[in-house]
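Written out below as structure tokens is the structure these notes cover.
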Amino acid sequence: MVLRSIVLRALAMSAPECTPAQNCIFCTIVNENDQSKIIYQDDDVVAFPDIKPAAEHHYLIIPRTHLPNAKDLDSSHKSLVEHMIKVGNDILTEKNADLSNSRLGFHWPPFNTIAHLHLHAIAPVDKMSFVSKLIFRPDSYWFVSVS
């Protein structure tokens with residue numbers, strides 16, 4: 001019953017499609033280049049802490065180019081996704097997080113709340129709350145891990 005209510009709530013909150021010209025908060029972060037939020041950036045991606053962290057270390061790695069979600073990825077995005085994963089692992093390592101106790105992945109539509117592709121890099125997994133463990137459950141209908 002709890003799982004059903006979480007799924008129904010996620011469906012109700014699913015992100016509307018947006019374009020960079022619309023009110024995409026992640027495009028705003030990329031374009032404003034707010035150094036108080038950004039912990040890593042390069043020509044392809046930007047990383048910053050999640051505003052609702054599921055664990056002590058919870059970071060989002062987003063492409064500078066607006067892509068709505070993981071469903072929109074194809075083979076042309078392989079190097080981008082590999083780079084996002086590398087950046088996520090590098091940030092966790094830099095923050096002294098244990099990579100063997102971490103989780104990297106994407107929410108799968110309609111369970112994403114922001115319609116801009118973002119990789120979650122989370123650690124330590126064993127310290128996450130019960131609800132966070134459900135929300136970021138690997139290879140579920142709503143969250144796809146990169147491993």
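Our numbering is plain: 1 for the first residue shown, then up by one each step along the chain.
Including glycine, each Cβ sits where the backbone N, Cα and C put it.
Checking the ranges 61-65, 91-95, 116-120 against TrEMBL, the motif 'Histidine triad motif' annotation falls on 116-120. His118 (active site, tele-AMP-histidine intermediate) has a Cβ environment of 26 other Cβ atoms inside 10 Å. Secondary structure of the domain 'HIT' (25-136) per DSSP, as helix, strand and coil residue counts: 43 helix, 24 strand, 45 coil.
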